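Summarising the annotation, TrEMBL assigns domain 'Ferritin-like diiron' to 1-145. Positions annotated as Fe cation binding site by TrEMBL: Glu17, Glu50, His53, Glu94, Gln127.
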Amino acid sequence: MLTDNMEKALNKQINKELFSAYLYFAMAADLEDKGFAGTAHWMESQAQEEISHAMRIYNFINERGGRAVLDAIEKPKKEWNSLKEIFEEALEHEQKITASINALMDIAVKENDYATKSFLNWFVDEQVEEEDSVNEILDKINLIEDSRNGLYNLDKELQQRPLMCQFVPEGEEE
Ligand code: OFO
């Protein structure tokens with residue numbers, strides 16, 4: 001059984017993961033509008049991953065006999081000034097999510113909730129990856145500066161990231 005405190009904190013994290021998805025979809029839409037189709041694709045994949053993080057927590061709450069409760073999702077920003085600004089903000093956001101996962105872990109440790117601690121370990125590792133992948137792209141953007149060639153190649157590289165799932169509109173299936 002989850003304590004009320006742990007359950008509430010996990011539910012808040014569902015909302016944060018869904019906001020992450022919202023934020024990355026908003027970034028993808030802005031990137032698409034600015035002509036960075038490959039980078040927009042990378043962000044769409046990132047947004048899908050965030051939904052899967054929310055689902056993981058939702059399933060865990062249910063498995064532990066708790067009650068998943070959904071709250072309103074904050075409205076994300078619509079526009080950014082540059083590619084660099086988008087990735088700087090994404091990194092800042094991931095750092096906040098890392099802090100939030102650490103705070104959840106603190107609760108689990110304080111409450112001697114071994115099952116939640118074990119569940120959260122996956123998220124602790126995932127956050128290292130999340131920050132690292134955004135940081136890596138940011139480093140490349142800083143190296144490229146305003147080189148059109150460099151931006152073109154980076155956009156092509158980011159296009160390679162696979163989506164977690166493909167949504168095929170009804171009637172368009174193969
Ligand atoms: Fe769910 O890791 Fe990003 O936010």
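A Cβ is built for glycine as well, from the same backbone N, Cα and C atoms used for every other residue.
Model confidence over the domain 'Ferritin-like diiron' (1-145) stands at 98, taken as the mean pLDDT rounded to a whole number.
With a 10 A radius on its CB, Glu94 (Fe cation binding site) counts 20 other CB atoms from all the protein chains. All protein chains shown were included, and the count of other CB atoms within 10 Å of the CB of Gln127 (Fe cation binding site) stands at 18. Within 8 Å of the centroid of the Cβ atoms of Glu17, Glu50, His53, Glu94, Gln127, where the record puts Fe cation, the same chain has further Cβ atoms from Lys16, Ser20, Glu49, Ile97, Phe123, Glu126, Glu130.
In the domain 'Ferritin-like diiron' (1-145), the DSSP tally of helix, strand and coil residues is 116 helix, 0 strand, 29 coil. Residue density at Glu17 (Fe cation binding site): 23 other Cβ atoms are found within 10 A of its Cβ, drawing on all protein chains shown. Applying an 8 A CB threshold to same-chain residues 6+ apart, the list for Glu50 (Fe cation binding site) reads Glu17, Leu18, Ser20, Ala21, Tyr24.
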